[in-house]
Amino acid sequence: MSRVQIGGMSVFLVLLLAISATQAAVVRQYPILDSLQHLENPMQRSVVPFADEDNYRLPNDTIPSHYAVSLSTNVHTGDTVFNGTVAITLSVLSTTTKIVVHARQLENFTASIIQQGVTEAVAQELTYEYEAEREFLTFSKTGLTFPEDTTWILTINYQGHLRTDNGGFYLSTYTDEEGNTKYLATTQFESTDARHAFPCYDEPSKRAEFTITIKHDPSYNAISNMPVDTSSTSGVTVFQKTVNMPSYLVAFIVSEFVFSEGELNGLPQRVFSRKGTEHEQEWALTTGMLVEKRLSGYFDVPFALPKLDQAGIPDFAAGAMENWGLATYREEYLLYNTENSTTSTQTNIATIEAHEDAHMWFGDLVAIEWWSFLWLKEGFATLFENLAVDLAYPEWDIFQTFHAGSYQSALVNDASANARPMSHFVQKPSEIALLYDSVSYAKAGSVLDMWRHALTNTVFQRGLHNYLVDNQFTAANPSKLFEGIAKAAVEENYEVKATVADMMGSWTNQGGVPLLTVTRNYESGSFTVKQSVYTNDKDYTNDKLWYVPINYAESQNPDFRDTEATHYLLNQSEITINSGLDQTSWLILNKKSTGYYRVLYDTQNYQLITSALTTRPHKIDPRNRAQLINDLYRFATSGRVPHATLLELLTYLPQENQYSPWSATNTVITLLNRYLSGDADYDNFQFYVRELVSLQFDKFGVNDNKGDHHLVPYTRNVLINLACLAGLENCLTETTAKLTALVEKGTKIEPNLQSQVYCNGLKQADDKTFDFVFNKLLNSTDQAERRLLISALGCSQNTAQLEKFVSSSIEPEGLRDQERITVLSPVYSRGEVGLLVAIEFLQKNWEKYGQLNSGFGGVNPLYSDIVGISAYTVNDKQKEALQELVDTVKSSEYVPSTLQASVDSNVNANYAWLASNRDPLMTWVAGFRSGSSALNASILAILACLLAAKLF
């Protein structure tokens with residue numbers, strides 16, 4: 001699956017509950033607005049926790065080979081009842097008296113079984129037992145045995161109800177252009193919800209073929225993984241038999257959807273969505289065809305099915321899903337309006353579509369043996385959501401956004417002493433759901449990209465071809481991947497410094513991220529690289545070691561293009577590299593920041609780097625410039641380097657014009673601002689930020705320009721955010737003017753600037769302007785626009801306005817159910833006014849807000865938002881208000897017993913941060929301001945003397 005994040009699921013139904021204040025802000029500012037791992041997380045649909053002592057895997061005594069699934073639905077009326085029959089052809093691997101399959105929320109079973117290959121065999125009625133905890137549906141008959149090496153057809157009749165929580169076989173609704181309510185039935189089966197549509201062996205390695213038949217009203221149409229079979233009639237759609245595939249990849253939609261179609265690379269493709277959106281399908285169709293061509297070409301493995309469809313669903317918690325031959329998406333990640341959509345939306349569609357298309361090989365063609373290896377499909381999808389787009393649109397420079405997004409997210413979330421490994425044993429559905437995180441997506445994608453560079457793209461690409469060909473139509477584990485890459489190294493006559501299994505396994509089998517500490521010998525020209533585990537606690541120690549690929553650039557050879565590893569830490573603590581470096585040369589490890597680790601240098605090397613950035617920043621790759629900023633923030637706030645090292649390096653920024661360094665700066669400044677915005681000397685901090693941003697803000701401006709490079713709108717938006725945060729008068733005036741022109745004259749705001757103009761304009765808006773934007777939200781039918789407006793309305797700094805906005809989360813009309821629990825976060829994360837409004841709102845309405853969760857399951861929003869608020873609580877006034885709220889709700893059914901501990905953990909971390917970081921930061925920026933004033937005064941004095949001399 002995909003991400004909102006991708007393939008990440010950050011503003012949505014599931015929040016990272018124990019996330020630190022630092023992590024929360026970093027995730028929030030990514031260019032791809034939502035993280036795919038959150039989009040795809042099955043925790044958005046509730047699963048009852050099970051008893052630990054039981055085995056939740058199906059018995060291995062029978063295995064399916066074919067399902068004939070027949071479903072009947074009257075969804076056109078809104079009726080949720082559906083009737084089903086499934087005939088499962090199964091083989092007996094070891095003699096048994098029982099056949100066990102999965103079923104969820106199904107009823108009225110009748111079943112019979114008949115043996116195949118036996119003359120005059122007679123169907124026999126079976127009895128059944130159902131175990132709710134493990135969702136095991138067991139069939140048997142007294143005196144009947146199923147011998148080894150026999151084949152049977154098990155036929156089950158049953159009844160179910162379309163769900164309303166966006167999982168399994170579920171009901172979705174929308175309002176058409178005439179204002180009529182329309183219904184459709186669609187599916188979302190990953191990871192364990194196929195069993196809701198039909199009883200099945202619902203495990204990824206138990207592949208089979210599927211023949212799907214759907215009976216529906218003739219006014220509706222049905223689509224599924226395969227093309228429609230010629231035997232279909234009006235109201236009865238029969239689909240061609242699928243290839244061998246896991247149950248969770250089956251999909252079908254019954255609706256009035258319309259489509260656009262095209263063909264490239266010999267593969268017909270279609271994009272489906274509700275009537276009235278046909279004109280918004282073109283970008284997804286065009287990109288989908290090009291991305292598939294690039295992927296099949298890269299893998300040298302053709303797409304395995306006769307067609308590929310993409311469908312936009314109005315209600316879709318998962319964000320996107322890689323059903324083989326029928327990928328499904330939330331509408332905002334598939335539909336692109338050339339007049340109103342942003343460059344960010346265009347990019348999201350391309351990367352999320354590439355994420356799902358990559359799954360057609362990684363996860364579909366080659367399945368994973370079990371969910372413990374979820375990264376083996378999601379990591380590749382995360383990598384290729386960027387690499388496929390880079391191959392399709394190389395001018396985009398998409399890996400700058402990958403570096404700012406997934407890569408940074410992984411480093412932040414992996415900096416824990418108890419970080420889990422990529423391969424992580426799970427068994428229960430509730431445990432499986434927890435794997436949809438930054439480790440399976442962002443870290444896995446980053447680690448795979450590291451090895452793509454370290455071993456060369458040639459070896460990596462051939463290794464993936466080997467893996468896909470050798471394991472197609474089966475289920476694999478990581479060892480199969482390692483074997484494919486090792487085989488490629490032999491085929492390419494490429495020397496590998498250790499076994500591929502040992503090298504890559506050191507990253508997949510243990511959690512955490514390495515810290516490389518570089519110490520230069522300025523006399524000999526050599527340097528030593530020492531590895532340790534990185535956490536935010538600099539005193540934490542651990543004996544973990546990795547096989548770490550290394551390369552480097554230096555000022556005498558500032559070539560960052562060749563990213564192949566030149567040296568390795570081969571599961572050893574340190575190495576010395578005799579490089580012959582000149583004393584005055586800067587040294588930077590990890591070219592283009594493709595290696596998954598942080599790098600800490602000695603003081604003198606940081607001074608050399610800062611000097612180089614100040615004079616010739618373009619000599620250092622933009623991603624390395626960004627990583628220096630990101631690393632130094634972590635090192636400064638964890639006590640590894642003085643704060644001055646970071647703040648001095650940032651002074652080169654007036655010369656910076658690339659996205660990834662400004663994105664890193666935005667992360668740092670936003671984090672610092674959270675803690676310092678209420679400080680008595682806050683104006684010194686704002687002065688510092690203005691000095692960093694004003695020159696580039698003037699260059700980029702607040703107007704969208706046709707012909708801009710793809711990343712320019714991203715960079716412009718970051719600069720606007722920082723300039724307005726710093727109180728730069730031009731920024732505040734110009735953004736407010738654009739919003740006023742919209743309200744007063746109907747002058748449209750350029751799509752790429754809407755988020756910044758709405759947010760910064762609303763910070764000082766009157767009620768008329770606020771109500772205009774609020775009503776625009778309520779009246780909009782564009783999901784991407786609605787999400788943007790929800791985020792922007794939280795920027796208001798007026799208590800009454802914010803109270804009106806947060807109240808909309810529990811009012812019966814206005815917002816869609818899935819939107820209601822996204823309202824509070826943009827309010828409490830924008831400053832003290834909003835934070836206190838959110839606390840007061842929950843204090844008065846906690847029970848209603850807690851009940852919002854009833855339709856979707858997963859983590860209750862009351863709990864997640866209280867924990868979220870605690871991540872932004874930085875003073876006693878806020879802390880006291882929050883504690884009153886916690887005391888009110890902590891005994892309720894809506895929050896777990898861990899609420900107080902989670903809140904205390906975040907608040908205490910914030911107070912500790914301030915105790916360690918406030919004084920050195922504010923002292924330095926105060927000195928910077930006084931130094932700048934003195935310098936300006938000196939310059940003016942010199943100019944006055946020169947002028948006087950000239951006049952004399």
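Including glycine, each Cβ sits where the backbone N, Cα and C put it.
As annotated by TrEMBL, signal peptide applies to 1-24.
Annotated domain 'Aminopeptidase N-like N-terminal' per TrEMBL: 64-249, in sequence order.
Positions annotated as domain 'Peptidase M1 membrane alanine aminopeptidase' by TrEMBL: 295-507.
Per TrEMBL, the feature Zn(2+) binding site maps to H355, H359, E378.
Other Cβ atoms within 10 Å of the Cβ of E356 (active site, proton acceptor) number 32 in total over all chains. Per TrEMBL, the feature active site, proton acceptor maps to E356.
As annotated by TrEMBL, site 'Transition state stabilizer' applies to Y441. Y441 (site 'Transition state stabilizer'): 37 other CB atoms within 10 A of its CB, across all protein chains.
The domain 'ERAP1-like C-terminal' annotation in TrEMBL covers 586-901.
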Practice problem: Mind looking up the mean pLDDT for the domain 'Aminopeptidase N-like N-terminal' (64-249) in the predicted model? | Solution: 97
Quiz item: When the number of other CB atoms within 10 A of each residue's CB is tallied over all shown chains, which of the binding-site residues H355, H359 has the maximum?
Solution: H355
